[in-house]
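Asks: Could you have a look at this structure, given as structure tokens, before my questions?
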Amino acid sequence: MKSDLAIVILAAGRGTRMRSSTPKVLHNIAGLPMVAHVLRGAQLLKPCKTIVVFRDVRVEQYIRNTFPDVLTVAQSDALYGTGFGVFSAIPWIRSESYGNTYPNTRHESHAEYELDACDLDTCNPASDRLNDQESLKGGRHIHTKSGDVTNNKPFPSRVLILYADVPLVPFQLLEELVRKPLKQAVGAIVTTHLDNPKGYGRVMRDNLGSIAKIIEDSNILPEQSINEVNTGVGIFDTEYLQDALNKLLKCHIAHSPNQDCVTNQDCVTNQDCVTNQDCVTNQDCVTNQDCVPAAHTEAHVLSPKVIVTEQIHKKAESEHQHAGQWMCRQDTVGAQNTKEEMRLTDIVEYFYNNGLRVNSITTSDSELLLGVNNRVQLAKTEKILNDQIIKRWQLYGVTIKSPETTWIDSTVQLSEDVLILPGCILSGRTRIEEGAVIGPFATISDSFIGKNTIVKRAEIIDARIEEGAVIGPFAFIRPGTVIGKDSKVGTFVEIKQSNIGPESKVPHLSYIGDANIGSHVNIGAGNIFANYDGKLKHETCIDDGVKTGAGNVFVAPVKVGRGAYTGAGSVIRDDIEEGALSLTELKQKTIPKWAENRGDG
């Protein structure tokens, strides 16, 4: 049986504050793009479908290649705001396009949807279906002009909304949000409290505790001391969400003053409203009908429709002493939206003004729920995630001597009794088996490290180190290299695209490139494998049991037979047969008293 949950991940933000040519959600933290962390968490919830709303084609390409079961929907460059983002995904929530059925499906979304409610000119909530909760049960259908979406098919009843730039949302929190029944509510959002909420949308509640609206930071008055903020994570009933977005879109397109998007029943009568100058601040008034009498600012009169804090009450009473003066209503949906965008947060107020409840889950893990907008926040987020990763491995049985100087990607796999010394960086698809000692100051990426190996002050990239091998100090193991069991790669050795057999040694100051070295081989100090002729790379083959002298140069392609020896300083250009000794014979010439004759004294 399919899940009734769909997940929409918003990844269409421009990310200008990152000051980067790379899309914000593709910036890495702990080895993966931010959007990948969000998708991995989403998949654990086992939704019937996951939809990513994107703007940059590079985001789509990444998801196609990495998460083939995820649907991608393009948000038009002409449409701004999180509301438009979710609106773009609605048809594909309702369609039969499941990721596991239609992988790599890309859908264009340019607000071409036919709105089947009232015409724009008669957009009146008093007659709209949102004011008739019984009629809402039948739902409203939104479809594309292409006719891809079928109105009579079953579709997910709930939509979980996540943000691709909020990568640390705990799975336990998402699980609670999804499992907790909405009961009489149309949705639920996740909130948190911040000592300094600057920059985040504030959650305003009535004096019964119900969520009434979310106010953007730029619209908060100095008198409003609200530290409960919206994290952006929320779950909504699909039908109600679609209806709300339908209505908000119509009001947005019509460029109305937005007073039509709420009910006007809170005004005593329109004639009771006077002029905007009688409001607390003129800019807060959209129309006179949005005013309420200053004489009626007691909480029991305003609740639950009009949300005014105690600080505003006091200011109003001090500035408007005589009867008949008015205070500006603060609940006109979208009236304070200074940007040309449709915000998803406006649906909260829209629901409230139509008698529909939005629940909340409040968490103390505020640092895990804040978005990434710039490089400072990116670094902070990565540090938080790294601390979590280190703690998890410590609890699993890995000893990490210096958590403060150790960085481990989320994709790394460690085993029990691994010892990580200070200054190590483990990244990519690295896997380290039990008993290995890593560090100090080792960098390992996309590599396999076998049991009981030692890697000290070395860099290893896309390589395989078998059980019992010793690497370093100051060794550089490059891609395509395999170091055999119980082998040794010593100080200042670089190895690239080579196989080193079991119990072989490359102990000192050597470059090994494009080589196959057998077992029980000893490579003398200062050996160079000359593998490049200026156009092509060539291979050197060293058979089992070979011993090479110091300072050898092997000019590839060349083969050295089993058990052969080479003399110090030899340049090996030709193949050497099994068991032979090969020397580059240069007659030594000695000049007596040379230094004295030179005048060295």
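The chain as shown is numbered from 1 upward.
Every residue gets a Cβ built from N, Cα and C, even glycine.
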Asks: Which of Ala568, Ala580 does Swiss-Prot put in the same acetyl-CoA site as Ala525, Asn531, Tyr532?
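Replies: Looking through Ala568, Ala580, the residue Swiss-Prot assigns to the acetyl-CoA site is Ala568.
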Asks: Looking at the recorded positions listed here (Leu10, Lys24, Asn373, His508), whose Cα lies nearest to that of Ala568 (acetyl-CoA binding site)?
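Replies: Sorting the recorded positions by distance from Ala568 (acetyl-CoA binding site), the top entry is His508.
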Asks: Cα within 10 Å of Lys24 (UDP-N-acetyl-alpha-D-glucosamine binding site) is the criterion; apply it to the recorded positions Asn373, His508, Ala525 and give the hits in sequence order.
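Replies: Neighbours among recorded positions, in sequence order: Asn373.
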Asks: Could you check which of these binding-site residues, Leu10, Asn230, Arg478, Asn531, sit within 10 Å of Asp165 (Mg(2+) binding site), going Cα to Cα?
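Replies: The binding-site residues passing the 10 Å Cα test are Leu10.
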Asks: Which of Lys24, Arg478, His508 (the recorded positions) has the most other Cβ atoms within 10 Å?
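Replies: Counting every other Cβ within 10 Å of each candidate, the maximum falls on Lys24.
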Asks: Compared by Cα position, which of the binding-site residues Leu10, Ala12, Arg478, Asn531 is the closest one to His508 (active site, proton acceptor)?
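Replies: Nearest by Cα distance to His508 (active site, proton acceptor): Arg478.
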Asks: Counting Cβ atoms within 10 Å of each candidate's own Cβ, which of the binding-site residues Tyr511, Tyr532 comes out highest?
Replies: Tyr511
Asks: Taking the Cβ of Ala525 (acetyl-CoA binding site) as the centre, how many other Cβ atoms fall within a 10 Å radius?
Replies: 19
